[in-house]
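Encoded as C-alpha cells, the structure appears first; notes follow it.
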C-alpha cells in the first residue's frame, strides 16, 4: 500500500559489513600466521587491499547498470551462453561456500557449546533458519542485515577490548614477519573471506540512490577491514605467531582468555559464540540468498522461494562431506581462493567489456 | 493440469453467495399503499409474528386516520408519547380548523407539527422495515403515498467509566463504551477540527453492525484510508459482534503470533493516533477502537509516557522494554545455562544453584515447563473469577506454586524466582495482546533451550527477529523506526523525547502533512501569540 522502503546507502553498508564478518573471522589469524608468522597483520592488510580492489570494481560495474542485477546485464555484455556459464559457476560457488561455512561453524559450536550433540543436527538447525529466511524480498534482506549489524560490530569490539590485558606487543615484531614466504597466498586466502560481499550486486536495482553503492562498498570494506586487523593483532599479540598456528580457532581462544574483572560471568567465550551465531547467520544468509536469487535469474523463474528449498540438500551434503576440521580447511581455503577468480575476475572482465563498448555511468540527469 | 488450473482459478474468483436478509430483500422494491388499513395489514403480515411489534392507531386532530408502527422493545415510548402522539393529537391545535382537504399532507405534519430532529419521508417498504428493526418509529397517515420514519430509538447504555484494561496514573479517565454514537462523541470532543472524517457503513450480512472509519483529512495518507476502507468493505461474514472480528478480517498476516492492529479503550489514545495520521475503526457494540497501522514499538508505550515529564516517561518506557525482553527470554536462558553451560556462571552462584536443584527429580527444562504452565493456568483462572474468589485463588496459587512446590522438592527456589520475574515482566507490558504473543513464544524457546542450549535460544531468537523484520502492518514495516531506521521517529521509540522535540509525524505513515506544526513562513498572518481574553469563553458543550 504505502511505498516500499528502497535500500539506503547506510543499509547497503550494513549488508557489506555483516556479510563479510562471518565464521572465517574465528580462524583467519591462523592462516595469516602460517603465511608470514609475525607479519600476520601485514598479510591481513594486504588481503583487505585485494578485497577492496575487487569489491570496488564490482561496485563501479553495477553502478553503470542501476536498473539491473549482474545476471541480467552480464548476458547482454558477453553473450547469453557465456554469462550463463559464469552464473552457474557463481551459484555453485556460493552454495558450496555456504555449506563449508556451515560446517566450520558447526565445528565451533561442537567444540565450545554442545560437545555431545551430533554436528548434523546443529548444522541442520542453522541451515533451516537460513532457508526459511531466504524466502524474503531484497528489501527485507537488507532489513535483516541492518538489524543485526550493531550487535555484530559491538561484539567484535568488545572481544578486542576484553582481551587487551593479555597483550604482549613483542609478539608482533618483526612487523614484516620472519619467513614471509606464503605472504601473497595467505593474503589471497584472507581476501577470499571478503568475497561474500559480492551479494551487493543484488541490491543495486532496489537502491534509492544507486550512485552511492561505491561509497557504501568503501565504507563497508573499510570498517570490516579494521575489525579484521584488530582481531589479528589481538590473537597474534596474545599468543604469538607460533602458538597461533597450532590453534584451530585463534580468535575464539583469545576470547576464552578474556575475562571481565569481578564480572557476573565466569567465562566470555560462550557468550561470544552465542552472539557470533548472528554474524554467521548473516553471512550464510547472504551467500545462500545470492545462490537462490541468481538461480532465479539464470533459470528465468518468477519466484525464488521454491529454489530456496531446492538448494537445501546440496548445501547440507556439502557441509557434511569433509571428514574433519583439518580436511575442511585444506579443501575449503583453495576453493575460496578459486572463488576470488570468479568474484573479482568476472566483474573485472565485464567492466572491461563495458568500457570498450562505451557504457558509462548513467548520471542522475540522464536517468531522470 | 489445465483443468486443475481452471478449477483453482474459479475457486479463487468464487464470488460469495450473499446471505439474504429474507424479508427485507423480498420487499425491497415494493411501495406502500395509499390506504392506511392496507399498509397496516401488510406490515402486520410481515412483522406481526413478533410479540413486541406494535401498531398504535389514532386520529390526527380528531379527523384523520393515522398509525404509528414500532417495536416496543426498541423504540423510546416516552418520546413517542411526547414528540409524536402529543403534538398530533392535541385537540387545541389550530390546524384542526385549517384542514379543509380530505386528507392531511405528510409535508404539513413534518414541517409544522413534529418536533423531532431525525425524520425521513419514504414510500419504500424496504426502508420502512429496516427503520423499524433499528428502533425507528413509522408514522403512516391515511391518504398519503409516503410514510414518515422518525428516529426514536431507545438508547440503553452504561456510564462512561475508566477503561479496565488500560488504567493510567495520570491522564484522562474516560473510556469508550458499547455505543458507537457515544464513542464518536467522545472522539469528536477531543478533535474539534473540521478535518476529522467519519465514514460509517453497516458490515455483516445479518447483524448490520455500524462500523465507523475515522481519520483526519490532510493528515492521514489517502492511500492508507483507501486501503482500510477496501479491506473493511471486503469483509464477508454474517455478523460483527466486536471490533476483534474486524481485526481478524483486515490484518496482514493472520498466522503471525504478533498483533498487527492496535486496540484501545481510550478515546485520548485514539485521538493521538489520528493526529499522527493513523486510521481508527470503531464498531457499534464494542468498547474497543482499532488503530491501523500498528507497530511493535506500540506494545510498550502508554499514555503515562506522554502525560508525565519526558525524563520520567523515558525511564519508565525503558523499564517496560526490559520487562518485555525478560518475559521472552529469561526462562530459556536459565534452562540452557543450567543444563548445558553452567561454567558461564560465577562459581559461587553455580554452587548455590546446584544446591537448590539437588532434590529436584526433573531435568531443568521439564521443571521450568511445569512451573510455567501452572503459572499460565493460574493467570488464566484469575482473569475470569469474581474478585471475591480471585483473592482466595491467588493465595492458594502463591502457596502452591511458590513455597509448597519448593519444599516438596518439586522445583528449585531459583526456578521460582525466574518464573516470577518472567511473569511480572509480562504483566508489565501494557498491551495485553502484545504480551500474550511473547508469552506464547516463550514456550518454543524453552524447548529449544532444552534441546540445543544457548545455541538453540539464539537460533530461536533469530527466527523471531527475522519474522518481525518481515512483518508488515498495512504496508508499514513492523520494526520501524529501528529497521528501516528513522532518526525523527527514534525520538519517540526507546525513549520518549520532549514534546517540543516531537514536531514531526512518523514518516512511515507518509502523512500528507509530515510536520505537526506549520513552518513559520507557512503560518497565516492571523497567527499571533495566543492571548487570553478577559471574558470567559462561551462553551457550547
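In case you wondered, yes, glycine gets a Cβ from its N, Cα and C as well.
Among the features that TrEMBL reports, transmembrane segment is placed at A:12-33 (among others).
Residues annotated as transmembrane segment in TrEMBL: A:39-62 (among others).
A Cβ distance under 8 Å defines the sequence-distant neighbours of the transmembrane segment (A:82-101), meaning residues of its chain 6+ beyond its ends; these are 22-24, 71, 74-75, 130, 196, 198, 280, 283-284, 287-288, 290-291, 294-295, 297-298, 311, 314-319, 321-322, 328, 332, 335-336, 338-339, 342-343, 346. Residues or ranges marked as transmembrane segment by TrEMBL: A:82-101 (among others).
Summarising the annotation, TrEMBL assigns transmembrane segment to A:121-139 (among others).
Taken from TrEMBL, the feature transmembrane segment covers A:146-164 (among others). Beyond the ends of the transmembrane segment (A:146-164), by six or more residues, the same chain brings 10-11, 14-15, 17-18, 21, 25, 223, 227, 230-231, 234, 238, 251, 254-255, 257-260, 268, 272, 275-276, 278-279, 281-282 to within a C-beta distance below 8 angstroms of the stretch.
Residues annotated as transmembrane segment in TrEMBL: A:184-206 (among others).
Sequence annotations record features per position, and here TrEMBL assigns transmembrane segment to A:218-241 (among others). Residues 12-17, 20-21, 25, 28-29, 32-33, 37-38, 40-41, 44-45, 47-48, 51-52, 55-56, 153, 156-157, 159-160, 163-164, 166-169, 171-172, 177, 190, 193-194, 197, 200, 247, 250-251, 253-254, 257 of the same chain sit 6 or more residues outside the transmembrane segment (A:218-241) yet have a Cβ under 8 Å from a Cβ within it.
If one looks beyond the transmembrane segment (A:271-294) by at least 6 residues along the same chain, the residues whose Cβ comes under 8 Å of a Cβ in the stretch are 15, 18-23, 25-26, 69, 71, 87, 90-91, 94-95, 97-98, 101-102, 105, 108-109, 112-113, 126-127, 129-131, 133-134, 138, 141, 144-145, 148, 151-152, 155, 159, 196-199, 202, 252, 255, 265, 304, 307-308, 311, 315. Under the heading transmembrane segment, TrEMBL lists A:271-294 (among others).
Marked as transmembrane segment by TrEMBL: A:306-323 (among others). Packing against the transmembrane segment (A:306-323) from elsewhere in the chain are residues 95-96, 98-100, 102-103, 106, 120, 123-124, 127-128, 131, 134-135, 288, 291-292, 295-296, 299, 331-332: each is 6 or more residues past its ends and has a CB under 8 Å from a CB in it.
The transmembrane segment annotation in TrEMBL covers A:335-353 (among others). Within its own chain, the transmembrane segment (A:335-353) is flanked in space by residues 50, 53-54, 57-58, 60-61, 70, 73-74, 77-78, 86, 89-90, 93, 96-97, 100, 185, 188-189, 191-193, 195, 198, 201, which lie at least six positions past its ends and keep a Cβ under 8 Å from the stretch.
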| query | Which bits of the chain, at least 6 residues beyond where the transmembrane segment (A:121-139) starts or stops, bring a Cβ under 8 A of a Cβ in it? | reply | 4-7, 98, 102-103, 105-106, 109-110, 114, 202-203, 205-206, 277, 280-281, 284-285, 288-289, 292-293, 304-305, 308-309, 311-312, 315-316, 319-320
